[in-house]
Structures are given as C-alpha cells and as structure tokens.
Amino acid sequence: MAGLSSGSGGGSSLGLCSHAVVRALPESLPQQALRIEKGKEVDFARAEREHQLYVGVLKSKLGLQVLELPADESLPDCVFVEDMAVVCEETALITRPGAPSRRKEVDAMKRALESLNLNIVEMTDENATLDGGDVLFTGREFFVGLSKRTNQRGAEILADTFKDYAVSTVPVYDSLHLKSFCSMAGPNLIAIGSTEAAQKALKTMQQMSDHRYDKLTVPDDAAANCIYLNIPGKGHVLLHRAPEEYPESAKVFEKLKDHMLIPIAHTEMEKVDGLLTCCSVLINKTSEL
C-alpha cells in the first residue's frame, strides 16, 4: 500500500541526537526471551559485557545523555527498548507491541520519555500493533514494516501521530522486523542486506517514495542493521557490527570514508533476534529540560 499520509519533512535532522534511553538485561533473557529460532544458547555474562560496551559508546565516546532503566525479571525482552517507542522531534509515540508478553514494557519507557518532557502519544487502540523495529525513519519519511508484530492499524496511528511526514507500508515476510535487514547508514543512505527478501523490500520502498535514496548493500542482513548519528564536533558516526562477526559486511562499511566508524559486537543479543538499533531509543532534545 502506498503512503498513508503525505507530509513534506526534510532530511537534514537525521541522526541528530542528544539523549538515549537504554535498559539493563534481565537474567531471565537467556531462557525466556522470544526468538524465531530456538537452539543457540545465550552466554549471559558475555551479553552483559557487549551491552555495557554499547552503552559506553553512546555515553562516553559520543557524549549522549543516557537514561539507563533497570531490568525487570518478569519482562525477559525488556532490553530491546526500540520496540516500545517511536520518537521524532519532540513527539514520542508509545507503541503497542505485537507480542502480548511485551506490552508491560511500555510503562517504564513512557515514564522515561515523560521525564524528558516529550509530547507523549499513546497507542490505545486494541486492534493496533506496532513494534519500533518495524519503523524506518529516513529523515524525510517513514517506512513501516507490516510483519508478525506490526499491523496496518498500527501504521495508520503512526501516520496520524507524525502528520508532517509521509508514511508508507512495506510487507515483511521472512524476518522479525523491517529493520532486521535494513537501516539508515547516513543521510539519504539505506543500508540493506543481500537476501532476496531484503532486496524486494528495498524495491517496494523505492517505488513508494518520491525521493531517490542511495543504497549500501552488505552481504549479511543482520549487519545491515546499524546506527547512524550526526554528533556535533564528531560529524557522521556509524555504529556497525564488528569484523569478527561479519567480516565481509564490515569491509563494506569501511569504505564509508566520511564516517567515524565504531564496530560493536552484538553476538549474544542476536541469538534472541536483537540487533544494534533494538537496544536504544535515540532522542534529540532541542529545548532545555
């Protein structure tokens, strides 16, 4: 389906970021977190180390104000905060996650975003589902994956919330989320995996958009999930998967000469379908708190 709304957002604010919300790992994650494929055992100590390094990059290396929420053992997926909110400018849409076991995760996220004085919109329609992992904001428009976790009604509420931007829907078949195989790697630059499903989704996005995006194709779908930031004094920053995990994809990122490249290992989280964007909600506060 084509655009649900037709706004006229510009692309200049992409990646600007002052704050991040993250959440600690619950010890219940290895055994109880949702996953598409069973089998790979999560090394909790290693997962914690990887997550601490990730948070450390946001806080110490990039100088963001990081709100660290405590883990909740009754919510084994709670570290994956991205699914709980979509934040654009000063507005935060609190989602209604597709997995019923995750719906209580929104409470802590709502409180955190309220503490930043954002305009809070809550998704209360019981027919709607939306995971933040299905929402790709390009700086100009939104693409929303229609997946097992996100439905048409969820996409419509997102379009109603962010009226300044066009919103288009993209069918997602073989992956958990739209951003399981794509993300923004820079202004106007979409990182995309090489599988047939990923390339088909990209084609759909290209057909629906009035704008021509550049693409950065990487061999591994999971590695196409990266985090682009535009940090004052540091310029273009890209957090991407480490060479020891995805060596061929890392070589593609290394060609981005204008970016500060920060490789991050995320091996343990990926075993429960968690990728780099999943573990933070990024916010740009333009007004003083």
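Each Cβ is built from the backbone N, Cα and C atoms, and glycine gets one as well.
Owing to the predicted nature of the structure, the values given are computational and were not obtained by experimental measurement.
Quick look at what TrEMBL annotates:
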{"type": "BINDING", "residues": "L34, D77, E82, D83, R102, R149, V272", "note": "substrate binding site"}
{"type": "ACT_SITE", "residues": "H177", "note": "active site, proton donor"}
{"type": "ACT_SITE", "residues": "C278", "note": "active site, nucleophile"}
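Recorded features from TrEMBL, shown on the structure.
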residue: L34; record: substrate binding site; CB count, 10 Å: 14
residue: D77; record: substrate binding site; CB count, 10 Å: 25
residue: E82; record: substrate binding site; CB count, 10 Å: 26
residue: D83; record: substrate binding site; CB count, 10 Å: 27
residue: R102; record: substrate binding site; CB count, 10 Å: 22
residue: R149; record: substrate binding site; CB count, 10 Å: 24
residue: H177; record: active site, proton donor; CB count, 10 Å: 27
residue: V272; record: substrate binding site; CB count, 10 Å: 22
residue: C278; record: active site, nucleophile; CB count, 10 Å: 25
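Distances between the Cα of the residue listed as 'active site, nucleophile' and those of the recorded positions E82, D83, R149, H177 are shortest for E82.
Each residue contributes its Cα atom, and for D77 (substrate binding site) and H177 (active site, proton donor) those atoms are 15 Å apart. Other than the site residues L34, D77, E82, D83, R102, R149, V272, same-chain residues with C-beta atoms no more than 8 angstroms from the centre of those residues' C-beta atoms, the substrate site, are A33, F80, P97, A99, E105, D131, G133, D273, G274, C278. The two recorded residues, the residue listed as 'active site, proton donor' and R149 (substrate binding site), show a Cα separation of 8 Å.
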